[in-house]
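Features of the protein shown, as given by TrEMBL:
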DOMAIN    A:23-114  domain 'Ammonium transporter AmtB-like'
DOMAIN    A:122-367  domain 'Ammonium transporter AmtB-like'
SIGNAL    A:1-24  signal peptide
TRANSMEM  A:64-82  transmembrane segment
TRANSMEM  A:89-111  transmembrane segment
TRANSMEM  A:131-151  transmembrane segment
TRANSMEM  A:163-183  transmembrane segment
TRANSMEM  A:203-222  transmembrane segment
TRANSMEM  A:255-275  transmembrane segment
TRANSMEM  A:295-314  transmembrane segment
TRANSMEM  A:344-365  transmembrane segment
Amino acid sequence: MARTPRHRRLVLPLLCLLFQGATALLFAVFVRYNHETDAALWHWGNHSTVDNEFYFRYPSFQDVHAMVFVGFGFLMVFLQRYGFSSVGFTFLVATFTLQWATLVQGFLHSFHGGHIHVGLERWAAVRDAGGSMTIHTFGAYFGLFLSRVLYRSQLEKSRQRQSSVYHSDLFAMIGTIFLWIFWPSFNSAPTALGDGQHRTALNTYYSLTASTLSTFALSALVSGDGRLDMVHIQNAALAGGVVVGTSSEMMLTPFGAVAAGFLAGTVSTLGYKFFTPVLESRFKVQDTCGVHNLHGMPGVLGALLGVVVAWLATHEVYGDGLQSVFPLIAQGQRSATSQAVYQLFGMFVTLALASVGGSLGGLLLKLPFLDSPPDSQCFEDQIYWEVPGEQEAEAQRPLRAEEQDTEA
Amino acid sequence: MARTPRHRRLVLPLLCLLFQGATALLFAVFVRYNHETDAALWHWGNHSTVDNEFYFRYPSFQDVHAMVFVGFGFLMVFLQRYGFSSVGFTFLVATFTLQWATLVQGFLHSFHGGHIHVGLERWAAVRDAGGSMTIHTFGAYFGLFLSRVLYRSQLEKSRQRQSSVYHSDLFAMIGTIFLWIFWPSFNSAPTALGDGQHRTALNTYYSLTASTLSTFALSALVSGDGRLDMVHIQNAALAGGVVVGTSSEMMLTPFGAVAAGFLAGTVSTLGYKFFTPVLESRFKVQDTCGVHNLHGMPGVLGALLGVVVAWLATHEVYGDGLQSVFPLIAQGQRSATSQAVYQLFGMFVTLALASVGGSLGGLLLKLPFLDSPPDSQCFEDQIYWEVPGEQEAEAQRPLRAEEQDTEA
Amino acid sequence: MARTPRHRRLVLPLLCLLFQGATALLFAVFVRYNHETDAALWHWGNHSTVDNEFYFRYPSFQDVHAMVFVGFGFLMVFLQRYGFSSVGFTFLVATFTLQWATLVQGFLHSFHGGHIHVGLERWAAVRDAGGSMTIHTFGAYFGLFLSRVLYRSQLEKSRQRQSSVYHSDLFAMIGTIFLWIFWPSFNSAPTALGDGQHRTALNTYYSLTASTLSTFALSALVSGDGRLDMVHIQNAALAGGVVVGTSSEMMLTPFGAVAAGFLAGTVSTLGYKFFTPVLESRFKVQDTCGVHNLHGMPGVLGALLGVVVAWLATHEVYGDGLQSVFPLIAQGQRSATSQAVYQLFGMFVTLALASVGGSLGGLLLKLPFLDSPPDSQCFEDQIYWEVPGEQEAEAQRPLRAEEQDTEA
């Protein structure tokens, strides 16, 4: 097994410790409880408990955690020897994000009197949710450009580890189902309370059901012998959640949600079958998990759908709700058409930032002191984790022995 | 391996596409947002957010999803080579149901002005929940009669796949625990807000604790050497949720809930041990998952329990709550006794419909063009799924190799 | 395999049946619905639904279930041949607890008019939550003293079963993530509604993020080659939830929460690496799951942190909230200093009770008729469960065969 060089041993610890030291310092100086969290500023008896936004935000907030930690963590466990890294590093990155979110969002939204005032409703994890553009499109193309820079022509050497085993696929299905169940909360978490949240959840459900149906249909259709492919079910079935990320808050209509979801599931499944191979052979982009199929294409489609639905916004259709969905239109500062143009512009800015950022990220990861695993050791937990490989062998052997006893 | 005939390849895709096309069309013509979901008709600021039933229904609604998708999906993963089908097809059928529910329930309950007006509180997944009769009894006997028609005398040939492996049993326990945790939400979801939902959840908890205890007790008692049987724990422990499906909304009393749950767990465990074999040998019904023990018998017991508790309903005991539990009694249109008779009648109607429906379903599935797997290939994912069988073997081999390195 | 003696077969069933009989009797005599659960005493229409505490308590209550059943149940599945026992016995003990909680808490808190009046807000599972002392410190040292009494000098004989296998570690990560996600609910469940619950959840999140980061850092730092250890990630990452169990309700400040969590994760990881071996060699305590590292040390640290934060409590800082966090201080019956002394005293009482109780428990388990497994059969499900060992072997063999077909 590839031995980790001595200095490598210090990279992760130093990264964590420096980060935590810095954030802790910033917390000490800037972060305070907001009026709904501070014992002195809010207390039941002085207020109706329901005024405390906590009771409307906390459930969504938990759902988003369940979705990210369990959902994304286990979705990538489908790789037979990369489960520890998939669950472990998702876990690590998510906690990083939670602390940063407090600071970044805090300085943007709740910085006054020299302090950030924190309560659940300020969290980025909740605040930026739902964005087909800002999350899915950005994340996907950032990663794809990064992967382009890090292209490995000899990755074939790790081929045998690039597929799943029976139980790793079942673990991945736990991830898929958690993502499916909590996607409506993810999209609706940052929307306005009331009809906004209600409508967003409903549209997301309709879109997910349609993408699931089209994924099953297409997966059987494109396969040689009509058998379903777990990779499609685990991923493409969720494309409906991505494609309505921008528009589910708007008056998309139930039919619009179903149509969008159906299209997304179809495009995503076809992407896995026909485009992913081309992406590697032609464009030298190795997209192991198919993020281009689940986040890239559905994300762009979702951004464009947002353009169209925004363009159709009228005072008649939205009534008082217009204020919470399109405040600038409601205040007459912007027409529906210009709103649509802004949406379209936002998508191109996102793609530009993602491509530049991803490319730079790739170059950064190529820095000599950040040595990466050899081509023959990719998708292998043993590089980063102590893996109970040998016990596994033993686990089989005594088992055989015990069977005899059981038989006896 | 049994190759899937060419035409077979089209059955699932056509089914999905036709269904989705039809529902999408119906959605376009009939489905609109209801007053709490439409931006123009409901907006925070004009109302107290709490008026929006979404905040009371959405959590139950999610719980029911988690219960069905994860719970039932993984409960059946106990079969060693049927995990993909169990999780995958539960996933597919559940999404089918969600779309149908909107239309069926919509036309029944929220069709006015030529449109269905949808919001979460109208959903069947929530609306029909809790029914010992309509869900468990019906489902169980429908399936058992269907299985009777499809009886395979040579199923022995698949015997080795009809049991579990160590990790498949652990996956199944994820299903069991999700079902246990969310059953109180499942039973209470469609009940009246307030004391109705509170009481239903509480009764369901008490009943589940008792069925769990009696299942552990009986499982050890009936086994040869006092060892517990995973099949009992995975299933019979949940019988307490089924048996109070009808009556948990009523004034069952905590003691009544405990007694009912204890009885259900006992009957269910004994069913697995002694009745399931007879069901196959005598009645030619192959009940692989023991639905008769978890849903059939406890469902009938639950229906009868509902008869008794309804019969005991009085204005004194229910007070104002009578209106929400037994509206017809509250309005004096029906006596408690006649309510009980109606309940009993309902059970027999359910059994009649289930037996006829299940038998017809069985005959339908025998149609020549719907060819089924050979007796030697039952409970085998490879018929419907591309299974990573070969990689599994490879996954073991390099492992052995790597161990050497780890040792080194 | 060690055969279970005939009489052994009756211990568990008798225990369950006697317990259930006794509680059922007590339920019949004493337990009634409380005013929010009884149809006659509370009904929507007469009240605002929101008055019904059910809607604020039920979600936390479910979260605590998910945390205990899934979280603790699967956390211990890391052992390669003890998964059934881990999940199964957690399941059994949790249901026992739920019934006892109703009675014990009922007699303590809601016994009037000769009856216990039950609704969700009375439950111990919710009422005693968060306690670094009463739950974690007590539980940990109770278990450690018990383990001391049951010390096995020949446990080496079961060494090969005392470690994990690849997939058992992934199951354990499901437990870890559930514990992480629901810990904020667990700590905040019994606190005052409003800012109390809001602040507790927020502090717990900050503490968990910090303990996760320090665990990753320390795990890589203390290992020989910079590779992470799953045991640390699965356990020490959660120490942040334990350490703020007492103080998260107080005005700990976000920085205080981060600092506490970071310390807890560090101490816990170092404990696994350096202290657990000493605990066995020097103190003859076999701590297989490292409860001393996750619950013991962080629990004591949490109790001491509670002493300090209570000591700093002032009317200025807490305002009206003081009444709900420190009622005796608010009512002027106690100074912050004496409150701190009481907290410290409480910790020592907890340690004393745990050590005495654990030792007695150990002696109890040594009673001859409760025969325990031989040293060579520890951590082995087959003692208590029918294990599908032989099918597992078969499951492999046909697989190989099928591969040929797949290839063909």
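Glycine is no exception: its Cβ is also placed from the backbone N, Cα and C atoms.
Where the annotation comes from TrEMBL, it is an automatic prediction and has not been curated.
Highest Cβ contact count with the transmembrane segment (A:344-365) among the listed stretches A:131-151, A:163-183, A:255-275, A:295-314 falls to A:131-151 (criterion: pairs under 8 Å). Tallying C-beta pairs under 8 angstroms between the transmembrane segment (A:203-222) and each of A:89-111, A:131-151, A:163-183, A:255-275, A:295-314 places A:255-275 first. According to DSSP, the secondary structure content of the domain 'Ammonium transporter AmtB-like' (A:23-114) in residues is 63 helix, 7 strand, 22 coil. Scored by C-beta pairs under 8 angstroms, the transmembrane segment (A:64-82) has its highest count with A:89-111, from the stretches A:89-111, A:131-151, A:255-275. Beyond the transmembrane segment (A:163-183), the same-chain residues lying 6 or more positions past its ends with a Cβ under 8 Å from any Cβ of the stretch are 63-64, 66-67, 70-80, 83, 204, 208, 212, 230-231, 233-235, 237-238, 241. Between the transmembrane segment (A:131-151) and the stretches A:89-111, A:255-275, A:295-314, Cβ pairs under 8 Å are most numerous for A:295-314. Over the domain 'Ammonium transporter AmtB-like' (A:23-114) the predicted model carries a mean pLDDT of 84.
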